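A.B. asks: Have a look at this one.
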Amino acid sequence: MISRTYVINLARRPDKKDRILAEFLKLKEKGVELNCVIFEAVDGNNPEHLSRFNFKIPNWTDLNSGKPMTNGEVGCALSHWSVWKDVVDCVENGTLDKDCRILVLEDDVVFLDNFMERYQTYTSEITYNCDLLYLHRKPLNPYTETKISTHIVKPNKSYWACAYVITYQCAKKFMNANYLENLIPSDEFIPIMHGCNVYGFEKLFSNCEKIDCYAVQPSLVKLTSNAFNDSETFHSGSYVPSNKFNFDTDKQFRIVYIGPTKGNSFHRFTEYCKLYLLPYKVIDEKETNDFVSLRSELQSLSEQDLNTTLMLVVSVNHNDFCNTIPCAPTNEFIDKYKQLTTDTNSIVSAVQNGTNKTMFIGWANKISEFINHYHQKLTESNAETDINLANLLLISSISSDFNCVVEDVEGNLFQLINEESDIVFSTTTSRVNNKLGKTPSVLYANSDSSVIVLNKVENYTGYGWNEYYGYHVYPVKFDVLPKIYLSIRIVKNANVTKIAETLDYPKELITVSISRSEHDSFYQADIQKFLLSGADYYFYISGDCIITRPTILKELLELNKDFVGPLMRKGTESWTNYWGDIDPSNGYYKRSFDYFDIIGRDRVGCWNVPYLASVYLIKKSVIEQVPNLFTENSHMWNGSNIDMRLCHNLRKNNVFMYLSNLRPYGHIDDSINLEVLSGVPTEVTLYDLPTRKEEWEKKYLHPEFLSHLQNFKDFDYTEICNDVYSFPLFTPAFCKEVIEVMDKANLWSKGGDSYFDPRIGGVESYPTQDTQLYEVGLDKQWHYVVFNYVAPFVRHLYNNYKTKDINLAFVVKYDMERQSELAPHHDSSTYTLNIALNEYGKEYTAGGCEFIRHKFIWQGQKVGYATIHAGKLLAYHRALPITSGKRYILVSFVN
């Protein structure tokens, strides 16, 4: 049994505390009472909390991304350590027994159905020493793990430490490992302690006594649907150590940036420096050139700093934009510099290619000698050569007087992007490689087309999207909500104006402008009205876009972008309101490698894109910076439309455009014309699919299922036993109306021992009291449901399995008069859907389904939830008898 449950919770997150306590209350209502302790987490963003611990961080950076530990990861690691210490203290002072079992939970977990029953069943299979048992995790290579018994595996490397059970012996081993002397993320430390290799850091704990570790399969808990988006661990800044000792070096590293500070790319440059803990100094060279600026900076350093500072110099022409991304930690720059040089006198530079950017790295004292020597030579010769860093490196390459410069020809450190083929994207490492297989530490662009590629690099590095962690959302909360100028251009749909009424935003802060103008002059005139309105943001909605999410405005504001818009898609077509790339030969659409992943929401995030139209939110400062947003100029391609002009002008002024597909915000529908409609529209019914698809989905599909229809990766489904899953599919309205249709038709078959069924043309081995969907005219609608809603989920669930056809679809009624149960059987299907249509415990009692080979009974399925399992040979099952009432289920055999 579980002796005590620790729930790690930040004191400043009472919302998460209330949610997890509600989970324990649900268990209590089912007769399961856990001794729960809300354990105050260490807040990694609170220096006072961190000062309580004497800890050191080794030279830790994540091997995949190069990122250091975040404040949240430090706080999380110290929180778990504190729990382990409390367990040891409680055992040693007698408040816990030595043979105790301790459940450790983070506050974003959810107990799965029959948690305690399944926990007892699973743990009864453990007949060997087990120090730690994972109840939920993310295994990196699940297919290589050894299965010990039906529900227990021997884990390899796993991520997450959100739910596990430990013994006193385990806690003591953790305490004896000197974890605080080598603090790394807790979900890296635990695998090391059960024998996994983690980037070489296992050497730090090589002398520690290892634990016996196992994991349940399937999991007994899950994470909340927004666990990652609301994660303190992932979504906090990089931890900045208080001294250099923590990074095992007495040397310094510094970036000196000389160049313009205008445009979004400079802000991005500084954000990457902060992420990777790269110290930087900015020199805006408006008054002098880069040579003079750098010489002056070096002269200001002490001799000690000159001798101990490895300096990376990034110089950008003042007529250009920064467009440079550093994406590596300090130690990587130091290591690569050592690899590329033979001694400390050398300076490593990017390949000189006549760009507006100059980059090199070397020890500050040697750079100072190099510059002073060059300056002295020019002075002695009275040369009139233009003195700048680019010329300095050019001369060094052809003069024997300057032989200390080594060019980084393979792009180990510096990679100029000319076109997309220069780099290779990764969806798992938050880094990119070049075509030689090197992983550059600095990437930069110099042309319009290469800047578009560099902006894609932003999407997959830093805080961008990653296959393991998704996208890091840092919502900005406003103390005072900004004023909004809402501009709506009506084309066909007059009802689009209702968005102003449905927006979840204070109406007194919205100025609404509605226009029917079809002339391009409308746009430029409209932003002039905006500037006079006193509003802070310009929010534009085109008349062919239907907004379905009332919170869209608040959510776009929270992204804190200068220019941002939601994904708008036309049905299931590939037509959307954004372009992932632009053809440099004509200025029009070019498909990007990730276009379909983004519009299908297989990858969810906020994306830097080159073109965005139809719906967008613009900060006032952008319009003040680029007042002629919609004006055509000589640099544009012939035939550029108004949206192309807007995006061209934004790109030219280094204003990034961001596309959010974090939520389903709405869609494009240019075919509707509600102006001609009169009277009250009729209520949508079961039969109105697909003719009234949007309304049908909203009324009948479960909101959770509908919101994940384009991307099931984070969908909230449960594996109730091996390869049997439960998930929300329909609303109670759907279930209620299906029962009403069936009872009204009154076409129920005899069931029971009536084996001949003329509806299916022969003998039914396991007859039920049912009505086929085709008998009530719902077969075509069900076909649409299976192939457009269920089949995409099945592809996600069963390794891209493609649904072929529907064998049968029918509603079964179990009652006390005619048939209350069904004998054990296999279904004649590849997979079977079973949807609960009425409420367990209220409209019927007992019943349910027993999966005989799994030794598992599934009762109490929620209304509208579907169970999906394999048919034919694998899922041998039976319907258990009800004891009162009537039980309705919708069953479909699918191949």
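Note that Cβ sites are derived from N, Cα and C of the backbone, with glycine treated the same way.
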A.B. asks: According to Swiss-Prot, His825, Asp827 bind Fe cation; which one of His783, His796, His854, His877 is listed for that same site?
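C.D. replies: Fe cation site check in Swiss-Prot: besides His825, Asp827, the record includes His877 out of His783, His796, His854, His877.
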A.B. asks: Inside 10 Å of the Cβ of Arg887 (active site), count up the other Cβ atoms and send me the figure.
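C.D. replies: The answer is 26.
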A.B. asks: Neighbour count first, Cβ atoms within 10 Å, every protein chain included; then name which of His825, His877 tops the list of binding-site residues.
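C.D. replies: By the 10 Å Cβ neighbour count, His877 comes out on top.
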A.B. asks: Tell me the Cβ neighbour count for Asp827 (Fe cation binding site), meaning other Cβ atoms within 10 Å of its Cβ, over all protein chains shown.
C.D. replies: 23
A.B. asks: Please work out the helix, strand and coil residue numbers for the domain 'Fe2OG dioxygenase' (805-895) from the DSSP assignment.
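C.D. replies: Its residues divide into 0 helix, 50 strand, 41 coil.
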